[in-house]
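Features of the protein shown, as given by TrEMBL:
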- 38-137: domain 'HPt' (DOMAIN)
- His79: phosphohistidine (MOD_RES)
Amino acid sequence: MSLFSRMRELKHFVQSMINEGILDHQFSQVRALHDATNPEFVAEVINSFCCDGDRIVREINMYLGVVDVSFSKMEESLHQIRGSSSTIGARRLKVVCDELLQACIDRNRDRSIRVANDVTREYCILCNKLGSVLEMEVAIFAIQRSQN
């Protein structure tokens, strides 16, 4: 596949994620930040987001797995993933994080468990799709390197 075709494929894939509400236009702004001096910027951002997110989602589920839930610790973790979600443009994940944060503020364990499942699901969907973005970026880098 040509460089132009790969770039068009990536653009359409990202646009479909925006259309589905998975991402917002912030992700396009993040993608626009990479340049010739740091062509792997987007890959680094995605890897960092997913590595940190894995840890945070595990923490959230761990906090809910005990009888005496530490809502304050859960709120700290939620603020981290919510901030990262906003930075990368993860719209749907941010929305469910806001819902879980409200359940924590309300100290509602049952609702927190339900919404934490939504957070986990949205996080998994996002990271799977970002993995596809990463694969496309790598293919584009390979073509660009071979042309230089």
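Just so you know, glycine gets a Cβ as well, placed from its N, Cα and C.
On a predicted model such as this, the values are computed, not experimentally measured, just so you know.
The helix, strand and coil residue counts that DSSP assigns across the domain 'HPt' (38-137) are 86 helix, 0 strand, 14 coil. A simple way to gauge crowding: the CB of His79 (phosphohistidine) has 13 other CB atoms within 10 angstroms, across all the protein chains here.
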